[in-house]
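J.: Take a look at the following structure, please.
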Amino acid sequence: MDSLTIAAIATPVGMGGIGIIRISGADALPIARSVFIRAAAPDDGGERTALPPVPESHRFYHGYIRASETDRILDEVLLVLMRAPRSYTREDVVEIHAHAGPAALRAILNLVLKQGARLAGPGEFTRRAFLNGRIDLTQAEGVMDMISAQTDRSLDIATAQLRGGLGDAVAAIREPLSRILAHTEAAIDFPEDVGEEIDADDLLRALTRRVIRPLETLAERYEDGHILRDGLSVVVAGRPNVGKSSLMNVLLRQDRAIVTPIPGTTRDTLEEQLSIRGIPVMLSDTAGLHETSDPVEKIGIERACARLEAAELVLFMTDAGLPPTEQDHAICQMIRHKPVIWVINKVDLVEKPFVPNIPDEWAAWPRIGISARHGDGIDALRDLIAETVLTSSLECESVVIPNLRHRVAIEESLASLREAVSGIDAGMPFELVNIDVREAFDRLGDILGITVREDVLDHIFSNFCIGK
Ligand SMILES: Nc1nc2c(c(=O)[nH]1)N(C=O)[C@@H](CNc1ccc(C(=O)N[C@@H](CCC(=O)O)C(=O)O)cc1)CN2
Ligand SMILES: Nc1nc2c(ncn2[C@@H]2O[C@H](COP(=O)(O)OP(=O)(O)OP(=O)(O)O)[C@@H](O)[C@H]2O)c(=O)[nH]1
Ligand SMILES: [Mg+2]
């Protein structure tokens, strides 16, 4: 990566009150100077002036952006300089706060680029913050999650990560591991000095207690983090016509799915993201499950089954006015190992829902009567979903493992540590054990971005938006 000064529009495209152009690098100030003139301040005798030779850091200057060739004023702006290292990237940063409008901002950006800045790549400001040591890689990833967070809970996770929660947890495990590593390496390099002193039992105890167990605890939190980040996969399943699509619509508060009295209305799987009591949910409506010879319906039902396989919570729906059928029992066979809420729909049609001698499995599921058509019981259903999710898997702690990259690194680290342990148990020489310990240590370094490869960095930051 080059060390050129970079620039980009930092605010969203579109119309808004204010838009910000951000410039970072050694030339940020000279570039800003060449495009900016200060507004006439009364105590300057009404003269427009250039920026002072040494502008104050973190102070707003009021003025204009001027194209030097044409002398044309492009916009009235506020400009702020943040002197290295007291800036987001730890380089000199200049922000131009202009009127937001796609054309206006682009014109200013073009001017800045003409003065020698390069257009920033996706996430490049944050990448520089990382490379210059202001934040670790998990914090950089937290920045990204923060931007894409759509619900309060995913926001909580991103904020914790941004503050360094995960990074600190990993660093706290990496630290004792580094001491163990130093020890085993010394044993190799100077066997006559320390070789005798290393006690295999002590080593095993330290590895297990200080490293392996804390790492295992951290790994367990991945699932929770993933749910809060990508949304819990909730699938509505049941026979045709029980009201699945109606429930989808009422939960989404919009007419998303087609609803008709004709069984077999929903043919394909529909999927929408929503927030239920602050929990991000990916909700799927599926084709009614039953035996059919219709080839289109068949495909829809196959898709529904595939979706059910992957579901993290199933809303199993029956019709309050109808007795359970063979079909219902077949569906239950499919979902019996999953968390299920039994949703009895159309309670508006009956005095009492139809629940005669149901199988044990059904009886064990939390059950709720609703009317998807009239909205009865929907709030209670939302509560029940949140409660089921929170009590079954999600214990939202401040430190969770939110992405696959982290999980893979932790799993690899654990695998190497277990190798090391069995090596020590088997009385292998430290030279060999040390290879595994070093490997485990490096995988933890990957999480923080200490030992991570350039192409991995490219991949992570390519998911960012330009200007961040
Ligand atoms: N106008 C503006 N608003 C913004 C940002 C920005 O870059 N510009 N941010 C961009 O994401 C966020 C705020 N995050 C920031 C994080 C660190 C530093 C920073 O300058 N840190 C230095 C020095 C801090 C100090 O002296 O107080 C450091 O930590 O070394 C700035 C912004 C959100 N709002
Ligand atoms: N009375 C009453 N009718 C309902 C209720 N919920 C849905 N319906 C009606 O039941 C019929 C079927 O509803 P859908 O939501 O299309 O049912 P579905 O389960 O998606 O049906 P398929 O897509 O064919 O599997 C429609 O006529 C709805 O208006 C309810 O709570 N009460
Ligand atoms: Mg439907």
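Note: Cβ is positioned from N, Cα and C throughout, glycine not excepted.
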J.: Please state which member of ASN241, ASN249 TrEMBL lists alongside THR260, ILE262, THR265 for binding K(+).
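T.: Within the candidate list, TrEMBL flags ASN241.
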J.: Starting from the (6S)-5-formyl-5,6,7,8-tetrahydrofolate binding annotation in TrEMBL that includes GLU95, ARG134, LYS468, which of ARG22, ARG205, ARG209 is the extra site residue?
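T.: Of the residues offered, the record points to ARG22.
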J.: With an 8 Å cut-off on Cβ distance to the ASN241, THR260, ILE262, THR265 Cβ center, who else from the chain surrounds the K(+) site?
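T.: Those within range, site residues removed, are PRO240, VAL259, PRO261, PRO263, GLY264, THR266.
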J.: Just give me the nearest neighbour of ALA287 (GTP binding site) among the binding-site residues ARG22, ARG134, SER245, ILE262, LYS468, Cα to Cα.
T.: SER245
J.: From the binding-site residues ILE262, PRO263, ALA372, pick the residue whose C-alpha lies nearest to the C-alpha of SER245 (Mg(2+) binding site).
T.: ALA372
J.: Identify which of the following binding-site residues, namely ARG134, LYS244, THR266, place a Cβ less than 6 Å away from any atom of ligand 1, and list them by sequence position.
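T.: Result: ARG134.
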J.: Determine the minimum-neighbour residue: among ASN241, SER245, THR260, THR265, THR266, listed as binding-site residues, which Cβ has the fewest other Cβ atoms within 10 angstroms?
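T.: Comparing Cβ neighbours within 10 Å for the binding-site residues ASN241, SER245, THR260, THR265, THR266, THR260 has the fewest.
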J.: From ARG22, GLU95, ASN241, LYS244, THR265, which binding-site residues have a C-beta atom under 6 Å away from some atom of ligand 2?
T.: ASN241, LYS244, THR265
J.: Within 10 Å of ASN241 (GTP binding site) (Cα to Cα), which of the binding-site residues GLU95, THR265, LYS468 do you find?
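T.: Within 10 Å Cα-Cα: THR265.
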J.: Distance check, please: Cα of ILE262 (K(+) binding site) against Cα of ARG22 ((6S)-5-formyl-5,6,7,8-tetrahydrofolate binding site), rounded to an integer number of angstrom.
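T.: Pair distance, Cα basis, whole Å: 57 Å.
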